[in-house]
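Sequence annotations record features per position, and here Swiss-Prot assigns region 'Precorrin-2 dehydrogenase /sirohydrochlorin ferrochelatase' to 1-204 based on sequence analysis. Sequence annotations record features per position, and here Swiss-Prot assigns NAD(+) binding site to 22, 23, 43, 44 based on sequence analysis. Feature annotation from Swiss-Prot assigns phosphoserine to 128; the stated evidence is sequence analysis. Annotation source Swiss-Prot lists active site, proton acceptor at 248. The active site, proton donor annotation in Swiss-Prot covers 270.
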C-alpha cells in the first residue's frame, strides 16, 4: 500500500491553495464543502474566486507565492501552471510538516486527492495512487451507479439511532443483525427519501420491536466455476456479511479474498474419491455454527444444486429447523464451455444438453442408450477417473467413434487448459488432464477452433 487513505476533519481549519485558475477552483470547491477556512494565493483569479470572496467564503491574497501563508495551515494545495512555483509550495509545506497536494505531480506531493463519491455522511474515495486518474474516475462512475442517492440520508438517520440500538441490544451480534435489517429495509429508505416522517417512525418502531432471530441461518452460495468476476452480486453480498464461511477446494483464492475479513473460514476440501472432511461432518458443522446464532455461508464451486450435494446439506438443516436460503451460481458446464468457445446448444448440432455425473454411488449405472443419442451435448462432471469407461460405454451403445470431445481443466481461470480430440481418444486424453476438469462430448466441440475467444486474450 503506497498511500494510507484517511478522511480529514478540516472544518474551521486554515488551508491554502496556491493558484487562481480552473484547477484551483475545483480544489477550492472541495475544501469549501469540507468547511475549511480557505486562503487562495495567486497572481490572478478567475471570476468565481471573486464571487466567493465577496460572499465571505474565502480570502484572496493577490501576488506571488508567499510561504508565510503556510504558517497557520493544516493543509495546502499547489495548483498553478508553473512547475517551479508548485515545487516551491511543496518544499515550503514539507519544511513545516504540512501535507501538500501538487496537482498532476504525485511524486512531488505528500498527499493525493482521490475521486470522491459523496453520500454524506457516507464517503467513498477511489485512488490509483496518482498513476491513472482516468481509471479512478471510471471506477468512481461505476460505484456512483451502485450507490443510491438517498444512502446518505439512511446513514445519517442511523447515526441518530446508535445510542438507542446500543441500549436495547446487549451484544455485538444482536446489534449487527439489527443494522443489517435496517440498511436493507427498502421501505425505510424510500420514506427517508420522501421526507415522510410518519412512515419513517412507523418503520423504525417495527424494526425495534421485531424479534431478532438467535438461531442463526445458513446461506448456500454458488461461487461459480473459478473466475471471481462470475460470482453473482448476491453471492458477493452474502460472503461479505458472513460470520463464518465453509468452503471447498473448487472455490478460487480470488473469491476467498472477497470474503469479509473478520469472518471465520473453515476449509472442507473435497474432490472425487477424497474428502478432507466427510459430508456428514460438513452437515454437522453447518448445523452447529447456525445453532450458535451465526450467519453461515456454505460456499461451493459452480452451482450448489448441480452435483454440489447442496440438497443433502439443506435436508439436515431443514430437519433441525434452521433457516436457510440459496444463492445460485454459474455452473461449471456453462462457464467452462463459454470460456472454451464451445456452445452447449446449436441449431445445427445439438437441440439438448445433458449434465451427467461421472462419479456414481456404488452400483449406480447411467442410461447409456439415451446418452449415446444424436443431436445433443453431454457434459460430464467428475468424470476424469471414469473417462475410459465413458468412452467404451458410449461407443458400445452406438455413438460414433469420431464424435468430438474436449476436456477443460481449471475452467474460466487464468490456468485454464483445453485438450480435445475424438471419442476414441477420451481415455488417453484424460491422462493429460488434472482435476478439476470437465468433459464435453458432442458435435458442438468442433466449433471451438472458430469460437475460442478466451485463450486469445
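Note: Cβ is positioned from N, Cα and C throughout, glycine not excepted.
Computed from a predicted structure; not experimentally measured.
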Report task. List nothing but the largest Cα to Cα distance in Å, as a whole number, among the residues 22, 23, 43, 44 that the record says bind NAD(+). Result -> 15
Query raised in the report: How big is the Cα-to-Cα gap, in Å, between residue 44 (NAD(+) binding site) and residue 248 (active site, proton acceptor)?
Result: 64
Requested in this report: Note down the number of other Cβ atoms within 10 Å of the Cβ of residue 43 (NAD(+) binding site), including every protein chain shown.
Outcome: 13
**Report entry** Shell list (NAD(+); ref centroid = CB of 22, 23, 43, 44; cutoff 8 A)
**Finding:** 19, 20, 21, 24, 42, 45, 46, 79, 80, 81
Requested in this report: Taking only the Cα atoms, work out how far residue 43 (NAD(+) binding site) lies from the residue listed as 'phosphoserine', in Å, as a whole number.
Outcome: 32
Requested in this report: Take the C-alpha atoms of residue 248 (active site, proton acceptor) and residue 128 (phosphoserine) and report the distance between them in angstrom, rounded.
Outcome: 34
Report summary line: residue 23 (NAD(+) binding site) falls, by three-state DSSP, under helix
Report summary line: Note: in the chain of residue 22 (NAD(+) binding site), residues six or more apart in sequence with C-beta under 8 angstroms of its C-beta are 46
Requested in this report: Rounded to the nearest Å, what's the C-alpha distance separating residue 23 (NAD(+) binding site) and the residue listed as 'phosphoserine'? Just drop the number here, would you?
Outcome: 19
Query raised in the report: Sequence gap of 6 or more, C-beta under 8 Å: which same-chain residues meet both conditions with respect to residue 128 (phosphoserine)?
Result: 135, 136
Query raised in the report: With every protein chain in view, how many other Cβ atoms are within 10 Å of the Cβ of residue 248 (active site, proton acceptor)?
Result: 21
Query raised in the report: Within 10 Å of the Cβ of residue 23 (NAD(+) binding site), how many other Cβ atoms are there?
Result: 16
Query - Mean of the pLDDT scores, which run from 0 to 100, over the region 'Precorrin-2 dehydrogenase /sirohydrochlorin ferrochelatase' (1-204) - result: 92
